[in-house]
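A.B. asks: The Na(+) binding site annotation in TrEMBL covers B:G64, B:T67. Per TrEMBL, the feature transmembrane segment maps to B:27-46, B:52-72, B:84-102.
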Amino acid sequence: MNEKEGFFVNVYLLVGIGGFIGAMLRYGISVMTEMWWYGSFPAATLFANYAGCFLLPYVSCKMGSFVPTNVQKAITSGIIGSFTTFSAFSVETIALFESGKIAVGLLYLSLSITGGLLFVRLGEGRGNSK
Amino acid sequence: MIFVAIGGFFGAIARFWIGQRFNTSSFPFGTLFVNIIGAFLLGILIESGVEGDWMLFCGTGFLGAFTTFSTWMLEARKMEVGKAIFYVIITCGAGFFGAWLGL
């Protein structure tokens, strides 16, 4: 095995481990949310997506150049990428529409997109400031 | 919990691999692809009535990690406004349509 292959194996394994952690955190949040949230509004997914949107640019900026590229990818693509989710977001929105809760569905959709973009900006701003 | 985590392990690797291959041009086709396919497959999975550990593994774990919201938003943020609007609308449009088809 040459060096390039070694890198290949390494970064994929690291991203996988990141995904292992990120998915578990997301699930943990949804289980905890179910304990106090009974509404039809998908609060857990929204919260995870908001948090991930803030953390992705923030952590990328803070890691700078002193963290190895492999580890950076494990944290950004692995942990944060798996922590946030688009599939649940789509299915939840469609489920709200199909159950006749059009207003709640539209609220969820617009809050996700505008809030997501806002948190990405905030994360960038915070990450770049000392 | 362990089913979600193992699903997440494979979902993240699959997304990362597709991203490395298809996010190379000026448009993130890889992210677009995983999100649309992931939304469609999750719809099918729920509709098929899969429950319990299989749902945690395939749905919450694999497909949850396979698709991503944070990367999508960050990519949109880095584009020019017109392109970003197009990217957000095409992802939502196709992703929701996929979920609707599946459900």
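Each residue, glycine too, has its Cβ placed from N, Cα and C.
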A.B. asks: Short question: which residues 6 or more past the ends of the transmembrane segment (B:84-102) have a Cβ under 8 Å from it?
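C.D. replies: Cβ under 8 Å, 6 or more out: 27-28, 31-32, 35-37, 39-47, 72, 75-77.
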A.B. asks: What parts of the chain pack near the transmembrane segment (B:27-46), using Cβ distances under 8 Å and only residues at least 6 beyond its ends?
C.D. replies: 14-15, 18-21, 55, 58-59, 63, 66-68, 71-72, 75, 83, 87, 90-91, 94-96, 98-103
A.B. asks: So if I draw a 10 Å sphere around the Cβ of B:T67 (Na(+) binding site), how many other Cβ atoms end up inside it?
C.D. replies: 30
A.B. asks: State the three-class DSSP label for B:T67 (Na(+) binding site), counting H, G and I as helix, E and B as strand, and everything else as coil.
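C.D. replies: It is coil.
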